[in-house]
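Report on the structure given below.
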Amino acid sequence: MADDIMNFTDEVSATVEPSELSKFSPGLLTFAAVVTGTIMVVGLFGNLLTVVALLKCPKVRNVAAAFIISLCIADFLFCAIVLPFAISGFWTRTWSHGGALCQLVPFLRYGNVGVSLLSIALITLNRYIMIAHHSWYSRVYRKHNIAIMIVFSWMFSYGMQIPTLVGVWGKFDYDPELGTCSIMPDDNGRSAKTALFVIAFIVPALLIFICYARIFWVVHSSEQRMREHQRSQHASPGTLNNSTDKRSTIKDNRETKARRNEWRITKMVLAIFLSFLVCYLPITIAKVADNHVHYPVFHITGYLLLYASACVNPIIYVIMNAQYRAAYAAALCCPLARLSGLTSEMERASRVQLQQHTNGAQPSVTGGVESRPSANPGACRPWRKVDTRSPDSRSTGPQGIGPVTESVGFGPKFGKRLSDQKLGSQQSIATKSEHNRPHRMGSQQSIGSKSTGHPIRSLTTGSQLSLGPKVTRFQIEDVRSDIQTNV
């Protein structure tokens with residue numbers, strides 16, 4: 001077997017003739033080699049980074065991500081195995097790597113092309129079922145079904161080339177017109193080039209086109225129904241209560257947000273397919289229409305576009321999807337990304353606590369000291385200092401009603417200061433209600449109510465509060481005697 005391979009290698013080396021590449025200027029071929037080398041470096045880095053990012057970031061790890069990982073692996077192998085020989089061909093203008101590699105390299109080249117096309121077709125089919133037949137989704141895309149689809153895309157892409165690899169239907173051999181190894185006619189004059197390109201390109205392309213036509217139709221119809229539903233809600237009288245209407249609005253907003261996220265992924269996959277068409281269509285036309293290579297420039301241009309397809313997908317991910325950008329950032333600089341995420345979580349917790357503080361769950365006031373944050377770590381946030389006056393400085397409040405010893409500020413004041421209220425050792429909080437409610441006196445907190453025409457009961461005070469934004473949802477009907485005074 002080794003002797004046969006060596007004899008075949010010597011035969012190929014002996015029969016290699018100057019190709020049409022020798023007719024091009026050295027500058028043009030050098031430019032093609034540099035472009036191919038740049039594509040190889042970008043493709044290796046971009047596809048490897050995409051695989052790592054999708055595996056490490058749970059937020060983008062979904063069904064489509066599994067097919068994207070398969071696509072990136074195929075493109076990575078293409079850049080690592082095929083493109084170095086393409087650079088060598090542009091540089092030396094011939095094939096100088098022997099007969100065994102002359103069979104293996106085109107086998108891997110066309111196999112990876114097939115995997116890429118089928119992966120894009122499977123991603124598009126996934127988007128179609130997600131949007132147009134959502135009820136099928138959980139049954140179709142189970143883990144073992146996803147694994148079967150990915151394995152099938154690889155086995156089919158390489159399996160349909162086996163007759164050509166063994167020489168039954170065409171053969172992989174050196175093409176003197178192109179100066180590289182490709183699919184050539186066998187001893188009987190048969191070649192699988194046209195059939196393989198039609199099966200590997202036309203059929204997946206038609207499937208992708210049909211799926212996207214259906215996706216656009218479903219999305220358009222759904223948007224029309226949503227607009228009609230919104231118009232009917234605005235036109236109909238308010239028969240539903242506020243809580244039911246609010247729940248319906250929240251549900252609609254969630255569904256709209258999820259739909260928009262799916263649509264963003266779908267548009268990204270559409271951009272991948274269009275870039276694939278731009279990169280693969282010229283070489284497909286060249287292989288079918290110019291089977292005997294009468295126009296080698298057309299073939300070389302098609303090969304350069306074909307090589308570019310291996311690095312364009314990560315660029316599309318970065319441009320069109322913010323979640324993928326975040327995943328890339330996490331993969332490139334994990335400590336910085338984690339620190340940024342921790343900071344974001346702390347800021348988010350601070351905003352939530354501040355909202356709770358505004359709505360009534362406010363810190364306790366202790367005279368003469370600065371108010372402290374809660375013991376809850378999530379509540380760590382800056383507080384405004386309490387302006388504590390000396391006990392001896394007994395300044396009177398507005399209109400001379402009672403002494404004012406403390407003034408606690410939590411932002412801009414709303415309405416007018418509650419100067420009508422006299423408190424003993426408690427505080428008075430104005431709440432919005434339709435009727436005045438009884439007040440419990442003693443050591444507990446006194447709750448007034450915003451009057452709709454009736455004055456608030458006059459109470460004794462030692463403190464005066466100035467609250468922030470107007471609170472409309474803070475409603476307290478009764479407070480037990482064991483509750484301390486908390487703002």
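Just so you know, the numbers here start at 1 and follow the chain as drawn.
Keep in mind that glycine also has a Cβ here, set from the backbone N, Cα and C atoms.
Here is what TrEMBL says about this protein:
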type	residues	note
COMPBIAS	233-243	compositional bias 'Polar residues'
COMPBIAS	244-255	compositional bias 'Basic and acidic residues'
COMPBIAS	352-365	compositional bias 'Polar residues'
COMPBIAS	422-431	compositional bias 'Polar residues'
COMPBIAS	442-464	compositional bias 'Polar residues'
DOMAIN	46-317	domain 'G-protein coupled receptors family 1 profile'
REGION	228-255	region 'Disordered'
REGION	350-464	region 'Disordered'
TRANSMEM	28-55	transmembrane segment
TRANSMEM	62-87	transmembrane segment
TRANSMEM	107-125	transmembrane segment
TRANSMEM	146-169	transmembrane segment
TRANSMEM	194-217	transmembrane segment
TRANSMEM	268-288	transmembrane segment
TRANSMEM	300-320	transmembrane segment
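Under 8 Å from some Cβ of the transmembrane segment (300-320) lie the Cβ atoms of residues 21, 24, 32, 35-36, 39-40, 42-43, 46-47, 49-50, 68, 71-72, 75, 78-79, 83, 86, 113, 116, 178, 264, 267-268, 271-272, 275-276, 278-280, 282-286, 328, all in the same chain and six or more residues away from its ends. Tertiary proximity for the transmembrane segment (107-125) is limited to same-chain residues at least six positions away from its ends with a CB under 8 Å from its CB atoms, namely 64, 67-68, 70-71, 74-75, 77-78, 81-82, 149-150, 152-154, 156-158, 160-161, 164-165, 172, 183, 196, 200-201, 204-205, 207-208, 211-212, 269, 272-273, 276, 280, 306, 309. Below 8 angstroms of C-beta separation, residues 64, 113, 116-117, 120, 123-124, 127, 193-194, 197-198, 201, 205, 208, 212, 295, 298-299, 301-303, 305-306, 308-309, 312-313, 316-317, 320-321 of the same chain, each at least six residues beyond the ends of the transmembrane segment (268-288), sit close to that stretch. Confidence annotation: the domain 'G-protein coupled receptors family 1 profile' (46-317) carries a mean pLDDT of 83 in the model.
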